[in-house]
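Reading through the structure tokens given below for one structure.
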Amino acid sequence: MLNLGNTRAFLAGMGFGLMMPAVFTAFNRYFDTRRNAAMAMAQVLVAALNISFPFLATLSMDTFGFRGTVALISAYGLHCFPAMLSLQPVEWYMKKEPLDANSQMYQLSGNNLEENKEPVPTLCTSTRRDRKLLDAWKSVEKALDLGLFKQPSFVNIVLGLSLSMTSDLAFISIFPLLLTTAGFSTDELTLVMTTYFTADLISRIFVFLLTSRIDISSRKLFLFGALFSAIFRILYVVGDSFWWIVVISAVLGFLRSFIQIPLPLVVAEAFPTRFVTAFSLYMVVCGCVALSFGPLMSFVKQTTGRLDMVVHLLTLAHILCAV
């Protein structure tokens, strides 16, 4: 169990956290226009693999057993190395254009030097240790671009995206438990989950076709998905019949792509020149929000004794994002 925690939880999580900013940074640099369409196409492939993976894993379990299946999944994960090596700077492939011979060349002279507007430092009584700590903190703040947290727009975007993403991932993790608690059989549970992920795949194709024809803001797509996901989750809790759950699950699966696809593009549109640090800081905040939601969900479940109250908590996170 300790080995599983060290490898799957820590190492895999750390690798995932390092890969995602690099992948989305490369994506942001290579696609100046129609980013939503390109991201939707990539997400279609991801959804198709997610749907087929459980079937392939079951087939592998029957053929090779547990250890053989783990070995195959590990070998499959080795594809991350050539995938990461393919993330080369876009400047390597940009067409080089010669400079205009008539372009003006500016020489360094006293006339075009900017005037130093910084005030002359005054003597202070702080100790040398305090100055070193202050200089070290300023270096860290500059390296990590922590000054972004001083911008209300950045804090608003990061908290909204973190709440919505955490709500989406937490809901899909407790979704089978919700169906089991409601008394549905294994076959009915399989049908509902299949409907959910099939609708998700269809939605990703729809978003790809929509964004390839129409230029839509990523933030508007995200807000649409978050708001209507909150509405239909409330409707999900209200009904209790099987076919009602199937229909609402299909709608929720369809709305999921409106959250998953434009999420990194929201950050890219808001902070195009500082995307790397902005998205990295978003992942840090999202991790903190996800860690805080686990105990909060457990507290609500133990206090109320009802799993649907946990759904209301996750719905509230979507509503806060939309507001």
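Using the three backbone atoms N, Cα and C, a Cβ is placed for every residue, glycine included.
Note that TrEMBL annotation is computational and uncurated.
Per TrEMBL, transmembrane segment is recorded for 6-27, 39-58, 64-87, 154-179, 191-209, 221-238, 244-267, 279-300.
Within the chain, the transmembrane segment (64-87) has long-range Cβ neighbours (under 8 A, six or more residues past its boundaries) at 15, 19, 22-23, 26, 57. Note: the stretches the transmembrane segment (154-179) and the transmembrane segment (221-238) are in contact (3+ CB pairs below 8 A, sequence gap of 6 or more). With a cut-off of 8 Å between Cβ atoms, the residues of this chain six or more beyond the transmembrane segment (244-267) that come close are 24, 27-28, 35-36, 39-40, 43, 47, 157, 161, 164-165, 168, 179, 182, 184, 191-193, 195-200, 202-204, 206-207, 218-219, 221-222, 224-226, 228-229, 232-233, 235-236, 275, 278-279, 282. With a cut-off of 8 Å between Cβ atoms, the residues of this chain six or more beyond the transmembrane segment (279-300) that come close are 17, 20-21, 24-25, 144-146, 148-149, 157-159, 161-163, 165-167, 169-170, 174, 264, 267-268, 309-310, 313-314, 317.
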